[in-house]
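Student: First the structure, which I've put down as structure tokens, then a few questions once you've had a look.
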Amino acid sequence: MAIREILEVPDPRLKTVSEPVQPDEFNDDLKQLVDDMFETMYAAPGIGLAAIQVGVPKRVLVIDLQEPDMDAEPEECGHDHGDGEGAHKHYPVKNDPRIFINPEIIDPNEELSTYQEGCLSVPEIYADVDRPKTCTVKYQDLTGKTHQEDLDGLLATCLQHEMDHLEGILFIDHLSRLKKQMALKKLKKMRQAA
């Protein structure tokens, strides 16, 4: 596994429409790509990554919401200075790595939900985006087997966000022209300050 470079705006490759993974491409190279994508996403850290974000124009995306495991025993973190201050407990993260190859939304819901989205390719910029609250997705796994699944909540939103990447669309493209310009200006200022 290897951590790959994540493309950031204004890299023109992010506007590329990704190609489907062909039947003869379900092989060790694809498995390596997926492994690298997970490692890259976790290192960033993020909850979703499309192959085009690491420069590979294929219809592959990975998601792991990394939600707290509320069924597990809380773990202590921080440093206790003997006075009870500083140490606190948190729930360990429950990893649920998901792989979607050649995903296709076949039944988007008309009811919308709003999430504040961010993107590893548009670092440190967040904005509210409206998307269908639920959707049905058809996709393939690493073996090429086809699955169909109903998604809702953050998973549905994340999937739709990552699927936009496969079409060369960034979450800021859903914003008004003014909000998009403001976001890009803020990103430019942050880069100049760094």
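Yeah, the Cβs are placed from backbone N, Cα and C, and that goes for glycine too.
Here's the feature list from Swiss-Prot:
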type	residues	note
ACT_SITE	Glu162	active site
BINDING	Cys119, His161, His165	Fe cation binding site
COMPBIAS	76-93	compositional bias 'Basic and acidic residues'
REGION	71-93	region 'Disordered'
Student: Counting only residues 6+ apart in the same chain, whose Cβ is under 8 Å from the Cβ of His161 (Fe cation binding site)?
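Tutor: His161 (Fe cation binding site) has long-range Cβ partners Gly48, Glu117, Cys119, Val129, Arg131, Phe171.
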Student: So if I draw a 10 Å sphere around the Cβ of Cys119 (Fe cation binding site), how many other Cβ atoms end up inside it?
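Tutor: Summing over all protein chains shown, Cys119 (Fe cation binding site) has 26 other Cβ atoms within 10 Å.
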Student: Helix, strand or coil at His165 (Fe cation binding site), per DSSP?
Tutor: helix
Student: Across all the protein chains here, work out how many other Cβ atoms are within 10 Å of the Cβ of His165 (Fe cation binding site).
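Tutor: The answer is 25 other Cβ atoms.
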Student: Look up Cys119 (Fe cation binding site) in the DSSP assignment and report helix, strand or coil.
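Tutor: SS state of Cys119 (Fe cation binding site) = strand.
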Student: Just to be sure I understand the packing, how many Cβ atoms besides its own are within 10 Å of the Cβ of the residue listed as 'active site'?
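Tutor: There are 23 such Cβ atoms around the residue listed as 'active site'.
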Student: Take the mean position of the Cβ atoms of Cys119, His161, His165, the recorded Fe cation site. Which other residues of that chain put their Cβ within 8 Å of it?
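Tutor: Neighbours within 8 Å of the Cβ centroid, excluding Cys119, His161, His165: Gly48, Ala50, Gln53, Glu117, Leu120, Ser121, Glu162, Asp164, Leu170, Phe171.
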